[in-house]
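Chemist: The active site, proton donor/acceptor annotation in Swiss-Prot covers GLU80, HIS234. Per Swiss-Prot, active site, acyl-thioester intermediate is recorded for CYS112, and the stated evidence type is sequence analysis. Among the features that Swiss-Prot reports, (3S)-3-hydroxy-3-methylglutaryl-CoA binding site is placed at CYS112, SER153, THR201, HIS234, ARG243, ASN266, SER296, with the record citing sequence analysis. What Swiss-Prot lists as CoA binding site is ARG199, LYS239.
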Amino acid sequence: MSGIVTYGSYIPRYRIKPDEIARVWGENPDHIKNGIYILSKSVPAPDEDVATISVEAARNALKRKKIDPKEIGAIYVGSESHPYAVKPTATIVGSAIGVDFSLFAADYEFACKAGTAGMQNVKAMVDSGMIKYGLAIGADTSQGAPGDALEYSASAGGTAFIIGKDDTIAEINSTLSVASDTPDFWRREGQPYPSHGERFTGEPAYFRHVITAAKMMMERMETQPKDYDYVVFHQPNGKFPTRAAKMLGFEEKQYKDGLLTPYIGNTYSGSMMTGLSSILDVSKPGDHILAVSFGSGAGSDAFDITVTDRIEEMDRNRAPTIKKMLENVKWVDYAIYAKYKKKIIVGDGIE
């Protein structure tokens with residue numbers, strides 16, 4: 001059975017607190033923190049984008065497992081903030097890690113679930129025998145307009161999974177998807193910041209798709225919440241995934257290890273995948289995981305995963321764990337944040 005052979009993540013070390021953002025806009029920081037349960041968020045440095053984050057995540061995956069990059073037959077990078085409108089991030093990653101010229105490569109877009117769509121495609125290609133290994137990445141440097149509610153959550157980070165049949169540390173037992181035309185969140189071509197239809201954000205979009213996908217997976221696998229050691233959902237904020245977990249009947253001990261948004265914000269395409277990476281950092285053989293992503297527009301991908309004995313053979317500390325990246329912090333104020341995010345335009349448009 002195909003599954004995750006190795007994994008790696010990257011989270012920028014710069015962080016800003018909602019208190020600092022609220023100070024600039026005259027908001028009540030306690031109201032913000034209690035409302036969305038975000039205590040800090042990651043900020044990309046001026047030289048960091050989806051390409052560099054993807055490369056770092058992929059390199060961290062290769063540090064944990066010595067795989068010949070030339071045996072990677074496909075690379076798919078999911079993001080809604082690719083650095084180029086026309087020029088694939090996937091080929092940049094491939095060149096940086098040394099893959100072969102014979103390669104399936106593409107950039108994916110489906111809001112925050114583009115990375116998990118890549119996981120599904122890579123798994124299908126491995127299962128069919130088209131490739132030996134495939135690399136699926138979810139990464140973003142997400143945007144929020146100055147003063148907008150998204151500015152408190154939109155952050156940066158990403159995760160890479162190499163999927164194959166040999167030496168899997170976590171078998172992907174099954175995957176499924178749901179999708180509908182739901183106008184909860186969008187950004188038109190050329191616009192720097194997204195718009196959101198607030199009344200569609202909760203029940204019609206996130207909860208409808210995440211809850212339905214999770215229930216469909218449990219029905220397919222004939223499982224119940226108590227059968228899982230861990231559960232991880234897409235995390236637009238700290239409140240939505242905890243509410244979804246409780247609605248489905250999961251307990252805090254099952255979702256706490258994958259809940260990262262309170263500390264790094266919403267990494268969009270990297271969100272659920274980075275939560276899963278955090279779980280793999282601490283999981284043991286036999287652990288059963290339910291993972292459900294969400295992308296605005298809208299859809300969800302669900303995965304039923306079982307950790308194998310090979311997880312103990314892997315030296316997970318060969319690459320930075322999520323815990324280590326959470327501890328590696330450099331705080332910035334709003335001025336530095338605005339500068340790094342290119343929100344300050346000077347002169348005749350020179351950033």
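Just so it is clear, glycine is given a Cβ too, placed from its N, Cα and C backbone atoms.
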Chemist: I need the nearest neighbour of ARG243 ((3S)-3-hydroxy-3-methylglutaryl-CoA binding site) among the active-site residues GLU80, CYS112, HIS234, using C-alpha distances.
Modeler: HIS234
Chemist: Taking Cα-Cα distance, which of the recorded positions CYS112, LYS239, ASN266 are within 10 Å of GLU80 (active site, proton donor/acceptor)?
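Modeler: If one measures from the Cα of GLU80 (active site, proton donor/acceptor), the recorded positions that come within 10 Å are CYS112.
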Chemist: Relative to the Cβ position of ARG243 ((3S)-3-hydroxy-3-methylglutaryl-CoA binding site), how many further Cβ atoms are located within 10 Å?
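Modeler: Step by step: centre on the Cβ of ARG243 ((3S)-3-hydroxy-3-methylglutaryl-CoA binding site), count other Cβ atoms within 10 Å, giving 17.
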Chemist: Cα distance, LYS239 (CoA binding site) to ASN266 ((3S)-3-hydroxy-3-methylglutaryl-CoA binding site), nearest Å?
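Modeler: LYS239 (CoA binding site) has its Cα 12 Å from the Cα of ASN266 ((3S)-3-hydroxy-3-methylglutaryl-CoA binding site).
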Chemist: Could you tally the C-beta atoms, other than its own, that fall within 10 angstroms of the C-beta of ASN266 ((3S)-3-hydroxy-3-methylglutaryl-CoA binding site)?
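Modeler: Taking every protein chain into account, the count is 29.
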Chemist: Give me the count of other Cβ atoms within 10 A of the Cβ belonging to SER153 ((3S)-3-hydroxy-3-methylglutaryl-CoA binding site).
Modeler: 24
Chemist: When the Cα-Cα distance from SER296 ((3S)-3-hydroxy-3-methylglutaryl-CoA binding site) is computed for each of the recorded positions CYS112, HIS234, LYS239, which gives the smallest value?
Modeler: CYS112
Chemist: Which residue among the recorded positions HIS234, LYS239 has the fewest other Cβ atoms within 10 Å of its Cβ, if you could check?
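Modeler: Sparsest of the recorded positions HIS234, LYS239 by Cβ contacts within 10 Å: LYS239.
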